[in-house]
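For reference, the structure discussed in these notes is given below.
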């Protein structure tokens, strides 16, 4: 209750004090507003917008609040004009207007526009009536108290103008509300269009998600298959590793067994795990063996060439021997013919001596003289032939000496010998031709008819002829002696031939020594062959192990190929999974942001609804207080009528009035403090509202609000979205597919719902922000009327504000707790994402390792294929060489048969005369019997070859059979009884079942 004054105050003093107090209060309010207006952070955008009749001092802060300024904004949310009561008990016009505007906004949300208009008009009319009543009361009280009409009328005019301004502001707020309703309709249409677009986008998203689900199902199936194959591959790998370990043990056993034969093979078997080094060593060893084989082939080729040269030399020497034998036989025939001629001449001489008469003595003498000349010429020829034979003998001896030297010097000297022998052969052939001509002449002379018988009785001529015949006989005897000497010379030549044969035997012995050396070489080759057999066995075992290892490698290659395919499929699946996860993360982040914004908006709406309820309660309280004030004013008016009679008493009680003024000042200070506290709380609430809703700066700033909304949406899209939390108990792909489908569907539903809620909350927040802005623009202070009811109203509003602040604090704590929980959830999801990325990195490392192993195996396989191709090429080349050698051997056998035929023909010519022709075959046979050679005697034994010369095939030839037998013995050197006198060919051959010659490669 208001305190009752004991004495009425002086009118002049009370009016002056009232005006001074009002001026001081206005100044303090302005200073307070100026102090509170820079509470917005620096860089914020401030706008002063003066509406129709509104107070130009009211400003609206529309700056964007940063997260660092949220506590300040929360502290600066409440304004002092919303819920304050002046000390005089009259509610401030700003508070009433804000409460009425809030009620009108609430009614506009629920009731059509016509009801809003009627309510606004009724409220303005009621305000005007109240203002008129107050003006009348104030005027009457002023006129009754002191009669100062003009001052009180001026104050009343000020109040009327103030109330008119408030009414104009109310009309403008109505107009703005109407405009806001129009904008709300437009926004509803836009919202409908956006919802239609969202539905279309949802349909498209559903279609895309259906395709993605199918792909995801296929990928999950493939992942399951890959996992099963991975398990199978791991088991197969374990088996292969176990088998490889067993093989390693076996290889170590084999290495210990083969260590005594070949250390290299043992090293290769012990180092079975290091296949690459083993293969390189084996390649090196094979290269060394091929080099040794090539060296042996070169030596063998050189030996064969030397043997062929020796055979050619031997054949040439045999031809020379044959020529000499034929020349010797021809000379013997010539000697026999000469003996026959001598006998014939003796018979003729006897006939001439027996017959005395010779009618044709002159002719006979001439014939005898001619015969003598012929005999002398023949004798000279024979002497020349003897000399030539001696010269040839000397040359032959020199040639034999040269041959021994040539054997040491080999090919060059042998060619010179062949050249000299060819020259000698030509000379001897010329001599033989001369002898043949002489023989033909003698035969012609023998074929002439005998002369007629001479008359009996020797004459002088006959005696002369007889003397000449005796002389001729003597000459013939001398010739016979010369022939005997020549025969002796021939015997010497035969001795020389024997010596030459001995030398040939020595050469054959040297050849035998060479053969023994060849045997030693053969033994070395046998040892090498034994080593090679052991090596071949080891290599066969190694080859088997390599084949097994190749099988393992091929299986490993298959496994690696399958693993590569699996890993590629896994990579594609993981890529698709990542994309789906990113999309789901984006959707979930959008949903979370939408949820947060919807929660914030719902919280803001709840807080605004609470504030609206509080404002309505305060408005009702203010109406009740106003009614009380009007009743009290009537009572006071009656008291003022009574107090006119007590003016004197009031003058006496000035001191009491001063005390009352001081109490009013104190109450004004208390109300100012309460106003400051309320403004701080209002600023805090306004900061919370600006943080939650980001409303516009003032009245009708839809474009800036839309820009803020677009910025919020862009920030929601640009924020990195967490990965979806995939539960760990999803073992089957069906469960995973169902989980992803449900997650996508729920995300879409929540996204659509939260978008709708966000739009609704934004609309509500805009409305509330406009209402708050319009309410904040109203004047916040009025002149306090003297009374006694202000303390109770201020206490109730303070308690209501305290309750609202406690609710806001509790809600703020709940929001902070939810935010902390969400942060923990986000951190957990990020941890899961990091784990998934680590697993994908390990899978990528496994893939890289598989690829490197696969590349190494491919390189090894390629090297093996190249090595096999080189071996096949070498094999084909060796086959071609073997065919060429086989043809050469067959050609040698054919040449041998031809030489056999020649020797047989040469041996059959002197067979008719056993006395003279016997020594030649005996000599040839001696040459065969004395020479136990290791090479093929191409001259051969004449006696067994005579009966078999007609057979042309080399299979029926005993020498060829001997060659084949020797080849078999050479192939199996341990089973060979010995060389003996069997000839051999210095090549390595193999005879098959058909006795065909094939060269084997060691």
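Note that Cβ sites are derived from N, Cα and C of the backbone, with glycine treated the same way.
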Scan 30, 262, 612, 753 for the residue that Swiss-Prot records as dimethylated arginine.
30
Which candidate, of 99, 173, 273, Swiss-Prot gives the annotation phosphoserine
273
C-alpha spacing of residue 18 (dimethylated arginine) relative to residue 30 (dimethylated arginine), in angstrom:
18
Looking only at 18, 30, 35, which of these modified residues has the biggest number of Cβ atoms within 10 Å around its Cβ?
18
Restricting attention to the region 'Interaction with GORASP1/GRASP65' (992-1002), give the mean pLDDT.
53
